[in-house]
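S.K.: Copying in the features that TrEMBL gives for the protein in this structure:
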type: BINDING; residues: 98, 99, 100, 101, 102, 103, 104, 105; note: ATP binding site
type: COILED; residues: 418-489; note: coiled coil
type: COMPBIAS; residues: 221-236; note: compositional bias 'Low complexity'
type: COMPBIAS; residues: 884-895; note: compositional bias 'Low complexity'
type: REGION; residues: 209-237; note: region 'Disordered'
type: REGION; residues: 863-925; note: region 'Disordered'
Ligand SMILES: Nc1ncnc2c1ncn2[C@@H]1O[C@H](COP(=O)(O)OP(=O)(O)OP(=O)(O)O)[C@@H](O)[C@H]1O
């Protein structure tokens, strides 16, 4: 039963190397000297003390090894547990990851040369692979079980797989990865055969997950009869990876294995000396395949993959150029994809991008699959590498979260295994015989047939490719024409855009002009407001004047006339005291007073009413007008704001789009970095050419020339294909830009229509405002004229005359005058009579006196009595006039200028001042 198991992650930190010591790069990584901890602390800032602690980064893994950790310790702690599983029948993978020169190869391979002086024993510096080899054969020998051990060694460089154990020409047989073993009469076991085996052993058939570097066994594979496993197989979706043409070698001892390892390393060495940094840029996978006897005829298959990855620093070198860049780029692809795969698995994403690089395709089962996996991250302790160290540790700690479901390997039947071995042996013997019997190129008939078949295939492919190139070429022509057309239309559009920009500018200047006129309008409104307030002030002054006139009227009409009335009353009283039978003036005076009061009130109310109505009209008109104006101004403002907003939004959109387009046209169009693509094409074509050429040279000498010519054509065709590809890509990139650009033209059109709408609105609003303003000014003018005319009317009427227009008052005055005349005549008469009476009395008195004197004289000595008629208190004529004088009313006080009277009760005439005075004198006298 399989169990989820996390990947084992170990970190190995070496001591400082010569370069780091020379550059005095401090140690910033804190690890135990040998082992015993599971954390790595790195101080990235170079601080010391507490700051160093605070700024340090801590990474947790399963095991940490320091500079003094030996190769055997590494093997015992990390490789041994995995090796035990491998022997048990599990597929296992061990990876070393880290920047260049941190000890990946040292850890994985180390010193593979055996110590000849010490009984062919392992060197102290021997790495994991040599130690596993020794451990494997030691274990197998002690177990006394049958086994078959095979080895393969591949290299992945620049996304190309290479068999490091193949001594033949490089392109003798190209390695290809397949998701599952291709059906071939040689490779695929017949289903019926497999079913028979399954039936015999009561096991269920299942497809095996094939590990990188291993050809499928030429035999049926059956699984254990476990339902659990069967379901896991179905649900885990494990991919079967098959590497076509990969050579596997039987080994029977550790020495055999190490010889193969050395052979592979020698091949690598050739490449390393040819190419700088080759080793740090390529990945290697050394695979040990073990068929170990399980019981009787049944053998279990398990594989151990030992992977030395390229330097992790190559991930960051994608910016470099030329061949190195190409290589760096390709390595990046594998390492970057590995990083993404690790991240996706650690984050438990549904999609894991295994298929995006060959490395991850090969390692698919080792990461999140049915394999037991261990990762050793190698790091440098020096400060100069701290960035890379951090990135390695990030990877390592991420990888720690990946969970695998290890499963025991498949079973194989012994006879099938033997049959496979025998077939292989026979094939080799054939090759050997051919080699011995012929000169020149030696190979078995079967191999020759296979080669011919491959060549035929290549020819067909070549023909197909040629046809494809032809059609692509015509497409390129079409596209170039299209491009020319597009460029022309682009020019046209640019001109149009410029015109549009020009019109937008014009529109903007118009908007500025309209804003100015709007401002002028506003200032005029302000002036109007000022004038209105001045008018209000004048109205107030006018009111004050009115009140003053009113009070004067009251003074004149009330106080002075009342005084006059009082005086008249006093006079009347006096008159009454003097003569009880005098004519009754009081009713006339009362009527006069009432009439005057009524007339005054009428005048007052008329004036008030007319003022009120004027003011009311004025006040009722004004706010409506101002409200209208205000609402118009607000409308204009809102329209303007909206317009500005929309225009500015649209303009910013347009300018952004134009900038993008310009940027794109300037920076991107046909300036994308296609070097890599081209280089890839050229490199692939070169390789294809080399391959074809080599094949042709070795197999058919006479065809060499024609093939070279055709290969040249191939190069040209490939160039064309790449050009097409580039143009395709450019067109693809251009398309969204073009769409955006077209949408920006729509925006411009919208902008234009918006501007038109705005200007129409503005025009309307301004016209309305203008008409409102003119109507309001007309109305104000009318109101002012009305007020003026009313005031003038009142002025002209001579308010005071109104009193004397009153017929009743005239009548009364005439009546009073008549009465006073009559009274006067009566008074004079009375006066005369009185005088006469007094005289008579005096005469009587005198006569009495005389009589009395006569009596006295007659009586002689009688005292005289007081004369009652010669009273000292009785007033003299002058005193009389004096006592009357205070009652005399000054005509000035009355101030009746130009008083109007009615003659004969009909005709109106103005009284002169003299007549007025005369009238008053008459009144008092
Ligand atoms: N732990 C170690 N102890 C002693 N020497 C070491 C250790 N690690 C590395 N070295 C030495 O450092 C040098 C570089 O190591 P190595 O070639 O293994 O690095 P690498 O990571 O494989 O580099 P590249 O990615 O370039 O292949 C070698 O000479 C190796 O012997």
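Using N, Cα and C of the backbone, Cβ positions are placed for all residues, glycine too.
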S.K.: According to DSSP, does residue 102 (ATP binding site) sit in a helix, a strand, or coil?
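M.R.: Looking at the DSSP assignment, residue 102 (ATP binding site) belongs to neither helix nor strand, so coil.
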S.K.: Quick check: with 98, 99, 100, 101, 102, 103, 104, 105 left out, which same-chain residues have Cβ atoms within 8 Å of the centroid of the ATP site Cβ atoms?
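M.R.: Result: 96, 106, 280, 311, 378, 380.
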S.K.: Cβ atoms within 10 Å, counted per site: which of 98, 99, 101, 102, 105 has the most, among these binding-site residues?
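M.R.: The residue with the most neighbouring Cβ atoms within 10 Å is 98.
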S.K.: Over the coiled coil (418-489), work out the mean pLDDT and round it to an integer.
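M.R.: Result for the coiled coil (418-489): average pLDDT 81.
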S.K.: Cβ distance under 8 Å to residue 103 (ATP binding site), same chain, sequence separation 6 or more: which residues?
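M.R.: Spatial neighbours, sequence-distant, of residue 103 (ATP binding site): 12, 14, 378.
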S.K.: Sort out the sequence-distant neighbours of residue 104 (ATP binding site) for me: same chain, 6+ apart, CB within less than 8 Å of its CB, listed by position.
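M.R.: Residue 104 (ATP binding site) has long-range Cβ partners 96, 97, 98, 308, 309, 311, 378.
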